Amino acid sequence: MNNGDTNRETDSTTRPNQDIIRESSGRTSPSEQCSMVANTSRKREWSHGGRGTMASIAKESQENFQYMAEELEKMGSEFFGYVTGQSIKPSSAYISDVIILRDIQLRDQCLDVLREYGRSRRNGLFGFSEEGDHIHVIHDCSYTNRSCRDIWISQVKPFGSVQKTGKPVKFIWEFKRTDWYDVFIYFFVRKRGERAIYVRGESGKIPSNDECVRWTREFKEREMVSSSDCTDYYECEQQEHKISRRSDAGSSNGRLYEKKAYSAGKFAYIRKKTKALLRKYYVSPVSAICDVPEFRDDDLLCDPKNRDYIQAACDDFGKDLNAMSLREIYNLLTEDYNFTDEQELNPYALFISSMKYDNLENSLNIIIELLKFQCNDDEDLIVEFLTNLVNVLDRRIPKLNAFLIISPPSAGKNFFFDMIFGLLLSYGQLGQANRHNLFAFQEAPNKRVLLWNEPNYESSLTDTIKMMFGGDPYTVRVKNRMDAHVKRTPVIILTNNTVPFMYETAFSDRIIQYKWNAAPFLKDYELKPHPMTFFLLLSKYNITF
């Protein structure tokens, strides 16, 4: 068993005659938390090889060291398999950062971003451990030009500030095995919050609650492990950021930062104000809220430095909408208005758009005229059409996630569906999926509905489109960002031409198809139907939503 030698012969002070660490399989959930850990009182950090490090334990007792090393290997087999293996680059740097959250309520969103990044990182090590109002992040990095350019740093900016630990960057070739033990103990054994390790994008094993309890019982009682959270190279981030353990009645976790992080501060205000305006002015797309005069009159909202906060608030509002059914959206829009009252037939103040809407009465009349024309004046066909549309939009039927209309030009397809897109707001448009467009589906993530106008795709994407039309989760490439996960999102397809998925058997249960005819009478209408017309239409034909 190795008592502190480097995994590469780079240090002249290595100690001989030690065994190779054994590997262990077995997995536990990364979400399990360590409820009992070593005493977390902050003490003065010790010099290298001093008290509280695995190197010091190796000096004191080889038997104790071997036992502890074996236990650590069992608790983090993937972690140690990578850092002591041949695939890790000696020239890479070990980076340790701390995310100071601006608001504790942003913690889960920030953790989701870190998990998604960890899954998408196809090389190297990435891990994090959460401690309430801050999150520790570690990873190996090429450290080009002596700087880390990993994209997760910019992705977490809306949630807090990324701070360095204050220690000089250390390269992989400088690490001894005992150093890696100390890293694992500090970040993944002693931490109480959410923890995760990713090796080449695959989730690695972390200590379970039982393992942490056993570690505490076996080693804390014997005082084999110091209560210090720090070693020479991994100084406690809490000390670096001046966290005090003094009890504070005004702090939920009893910690005080010398440089106070925002608590319901600027970002919380911006998010609250932006979402309030988005409820007052129903704009499409959501980001168009920046053009509303009331938004532009607010100096804080208009500050270019707060652009990321505004985008994060808009994304958050979009997620609220994405989880809503048609009925919930209707309730949201009718809290302050009675849209069936003749005096409220034209509530323009709610809907802000680049196009001008007709009033609800005229809008309803023209939409009914269009549907009667396309359904041969058959009310049963109109009811069937609207019922199928609601089933797709509300994701009611498993594997049925696409609604298609094929017609000649000027049939009223966009005229009808612009009303729905204006209502749902959070919609994305799919592009032409060919070898020249690698990001055709980049607008698919975090949307309430998707529009695919005049679809065209290569056969290699057939399986992805099957998942899309069947409501299965899938991943898409996004320009200048990591790959994004897409949950079930309804797809509206409008086309003038026949495309392969319209007649392939594999898609028959995934798509509802209708054929429309050219509607020349629509050229006499200059205004678009008001979005709220859709709800009046459903009520007229007794469609449940």
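The backbone N, Cα and C atoms fix where each Cβ goes, glycine too.
What Swiss-Prot annotates here:
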REGION    1-52  region 'Disordered'
COMPBIAS  1-12  compositional bias 'Basic and acidic residues'
DOMAIN    12-277  domain 'PV NS1-Nuc'
COMPBIAS  26-40  compositional bias 'Polar residues'
BINDING   Glu130, His134, His136  divalent metal cation binding site
DOMAIN    346-545  domain 'SF3 helicase'
Return the count of C-beta atoms lying within 10 angstroms of the C-beta of His136 (divalent metal cation binding site), excluding that atom itself.
23
Counting every protein chain present, what is the number of Cβ atoms, excluding its own, within 10 Å of the Cβ of Glu130 (divalent metal cation binding site)?
23
Test of understanding: give the count of other CB atoms lying within 10 angstroms of the CB of His134 (divalent metal cation binding site).
25
